[in-house]
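J.: TrEMBL feature annotations, pasted as is:
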- Cys36, Asp38, His110, Cys113: Zn(2+) binding site (BINDING)
Amino acid sequence: MTNLSQFEFRKQPWFDQEHFEGFNQAIPMKTIVIHCFDPRASEIPQAVANYFGDEVYPGENILDADGNRVGNTRTMFTVSNAGGRAFSALQSVATMDYLFHFEKVVVVHHSFCGATAFEPEHLIHSFHEHHHADIATLIDHDSMAILDFEQSVKHDLELLRNSPLVPKNIKLYGFFYEINSGQLTEIARDIPGENQ
Ligand SMILES: [Zn+2]
């Protein structure tokens, strides 16, 4: 078995954990996009990049002389989960704050999302019925389903703004994406220091 620890940054002789200043030199990441993992919504990151106009997506790998992947030109990282919910993305946002200096978190919910096919009570009841598990307190109730797109997007921006896992200086944007036309519509934004 190969010694897998050779692939860890902390084990590299040149890596200085005590003076780590982020990986932005390798990847100029400045935005996190949270969207649904529905394959019909897979063009969302590109639509967001086009909307802002100053993002690089998908970008390309940067290789050193030996062909090692030492960086990438992409500026936008994506988090995909059921519904594109902020609740599921909090761990990613907090981790990226350690690894990068970034500016924006973008939430995108999309038309005909599976999360609009039920209400929270249906999910809770179904789990109880089929798996004998009570999940009512395990997932933020308002993050279980999408009952109204405007409310779900605004809810997720508030969840991000109020979470200790999201740095207070981060700019938040919320969008609705129509999967058939590809149209992206801004629903809300929360920019620190600016009037709403
Ligand atoms: Zn969806």
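Quick reminder: no glycine exception, Cβ is built from N, Cα and C everywhere.
Distances, neighbours, how buried they are, the whole picture for these features please.
T.: Following the DSSP three-state reduction, the secondary structure of His110 (Zn(2+) binding site) is strand.
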J.: Counting other Cβ atoms within 10 Å of each Cβ, which of the binding-site residues Cys36, Cys113 scores lowest?
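T.: Comparing Cβ neighbours within 10 Å for the binding-site residues Cys36, Cys113, Cys113 has the fewest.
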J.: Around the Zn(2+) site formed by Cys36, Asp38, His110, Cys113, which additional residues qualify by having Cβ within 8 Å of the site's Cβ center?
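T.: Going along the sequence, the neighbours appear as His35, Phe37, Arg40, Ala41, Gly83, Gly84, His109, Ser111, Phe112, Gly114, Ala115, Tyr177, Ile179.
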J.: For Asp38 (Zn(2+) binding site), list the number of other Cβ atoms lying within 10 Å of its Cβ atom.
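T.: Neighbour count, Cβ to Cβ under the 10 Å cut-off: 18.
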J.: Tell me the Cβ contacts of His110 (Zn(2+) binding site) under 8 Å, same chain only and six or more apart in sequence, or just say none.
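T.: His35, Cys36, Asp38, Arg40, Ala41, Ile44, Gly84, Phe176, Tyr177, Glu178, Ile179 - these are the non-local Cβ neighbours of His110 (Zn(2+) binding site), listed in sequence order.
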